[in-house]
Amino acid sequence: RESRKTTTSMMPFTRPHLNLIYHVDFDKRVLKGKVALTLEVLEDKFSSLTLDSKDLKIFKVSANGQAAQFEVGTKHKSKGSPLEITLPFELSRGQHVIVEIEYETSPSATALQWLTPTQTVGKKHPYLFSQCQATHCRSMIPCQDSPSVKHTYYAQVTCMSSSNEAHAKINGRKIILIELHSCSAEIGPRSRVWSEKENVDEAAFEFSETETMLKTAESLAGPYVWGQYDLLVMPPSFPYGGMENPCLTFVTPTVLAGDKSLAGVIAHEISHSWTGNLVTNRNWEHFWLNEGHTVYIERMIARCMESEHLRQFKGIGGWKELQESVNQFGANNVLTNLVPNLHEVDTDEAFSSVPYEKGFALLYHLEELLGGPEVFMGFVKSYIQLFAYGTVTTEEWKNYLFTYFKDKVDILNKVDWNAWMHTPGMAPVKPKYDTTMADACTALCQRWVKAKEEDLASFTEEDVKKLKSPQLIEFMALLLQEPLPLSHVKKMQEVYQLNSVKNAEVRFRWLRICVRAHWEEAVPLALKMATEQGRMKFTRPLFKEVYNFSKYSDKALNTFKENRGALHPVTAMLVAKDLKING
């Protein structure tokens, strides 16, 4: 396919395959092993290659069985070090080479989090998981750590620790899942949920609609090509809501709300099976192609399974999340561009809701201009089919948009593409969403905002019983934009009993409201939530909220320092920056 040619045109070789042999040392917190990269050369007189690496100990390199010279270059502050390999021979276009590298990871490898038994739910076994997005795979494997290079792999893993003398070999599709205390439950004809045994029943209930979501996504975007779709409930320190590893989505336990109200996370990760895994952004500057389209399909799934009103409602919430990210970065910060320049920028520091929600806002705007959801979803499906198994840039996406809608080019030419793609701040066009589901949230919010002391007795628990979980989340989000006095917040707890709500999305917003109102009793609750789980969406704002309460700034700092070791390394690095801690 043309898209496949485009994918590899910048590389001296194509169609790589990785063969991994690992020994996992839980006591030293390192992976020891060997990777064999099989490469097909795309140019003549090929004699050297450069791979990404970060804090790896390289012991030996060979090419087709012959010793090869290598040098680890100067370390970059966030990107690691280039591994420069000189082959003992010269290759011509079309030839293959197998480069073998024996190495060991660092105990501080940013792709890996090592958990002690006490940091797990079961408290019996150590746990290791990998999280490579965006540029952390290089701390685990010397490779071309770029989404522009897709490859197959085979992995053989052995593990050993002094606390668990079990021995395991895993020949499979996902490296490192070594948790010898895990259980699974079938949740569909092509799906199982895996977790520590303490969570498996709750997870099976929470994710029981997975097959319906998969079928709905297939009806929208085309066949699911990955065969199995399993879910793995991660330890609490997992830094994201979910991660779309092909065949095995990693998901945060914070979505286990007991009422399926947070299943949208799964719809999002399922959607990544098409936009992200099947069609991938060429590099991280085009990350919105992954996330904007995935949010679009996720909300189309909600439309099909629930209602158009719910899709519109989710759009309203997404716009608020975009506004919060723009406020956080600053409206003139180039990291709020849909297509930012990431030269010399740590991709972790650039992560926000911008590619998700500004991207969705653009796609929704185009949908309105070009004929509605069915018409525009037809384009999205065709785009996926054209670029399947390849990678794509914004320019290529835009060119195909103009080709697909060739009879509506006059409409597309009126879109201010520079404002959407390359201008910081909010999206240039605010969608006019249907407010049917939002009106009740807005009305209740305004009642509280306008209430005088003598009006507080008029509020009852019936106010929130009428709201569905997504509406309760929206109500909290609205209150974050219009801070309440402490008297009102205390009354809200008295009548609604929000401190006992299990839904993490509600609890997170509620605790921020409390701390912002300077309710001192909420500070330990906020810090508890910030540390008992490590999802960055929750942990970073909660720490910042307490830190900004000047009386408790030191408390926030000390709590973070005490719990830093239990957080994922990326989360810890970003919270440290939020709290202005150096080193």
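Each Cβ is built from the backbone N, Cα and C atoms, and glycine gets one as well.
Here the Cβ of G242 (peptide binding site) has 21 other Cβ atoms within 10 Å, regardless of which shown protein chain they belong to. Summarising the annotation, TrEMBL assigns peptide binding site to Q131, C132, Q133, P239, Y240, G241, G242, M243, E244, R535, M536, K537.
Here H268 (Zn(2+) binding site) comes close to G241, G242, T294, V295, E298: these same-chain residues lie at least six apart in sequence, with C-beta atoms under 8 angstroms from its C-beta. Residues or ranges marked as Zn(2+) binding site in TrEMBL: H268, H272, E291.
For E269 (active site, proton acceptor), applying a Cβ distance below 8 Å and a minimum sequence separation of six or more within one chain yields G242, M243, E244, T249, V251. Residues annotated as active site, proton acceptor in TrEMBL: E269.
TrEMBL lists Y356 with the feature active site, proton donor. Over all protein chains present, the Cβ of Y356 (active site, proton donor) has 23 other Cβ atoms lying within 10 Å.
TrEMBL lists 436-579 with the feature domain 'Peptidase M1 leukotriene A4 hydrolase/aminopeptidase C-terminal'.
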Segment confidence, the domain 'Peptidase M1 leukotriene A4 hydrolase/aminopeptidase C-terminal' (436-579), expressed as mean pLDDT: 95
Shell list (Zn(2+); ref centroid = CB of H268, H272, E291; cutoff 8 A): G242, E244, E269, S271, T275, G276, N290, T294, V295, E298, Y356
DSSP residue counts for the domain 'Peptidase M1 leukotriene A4 hydrolase/aminopeptidase C-terminal' (436-579), split into helix, strand and coil: 113 helix, 0 strand, 31 coil
Cβ packing number for Q131 (peptide binding site), 10 Å threshold: 21
Rounded Cα separation (Å) that holds between Y356 (active site, proton donor) and E291 (Zn(2+) binding site): 5
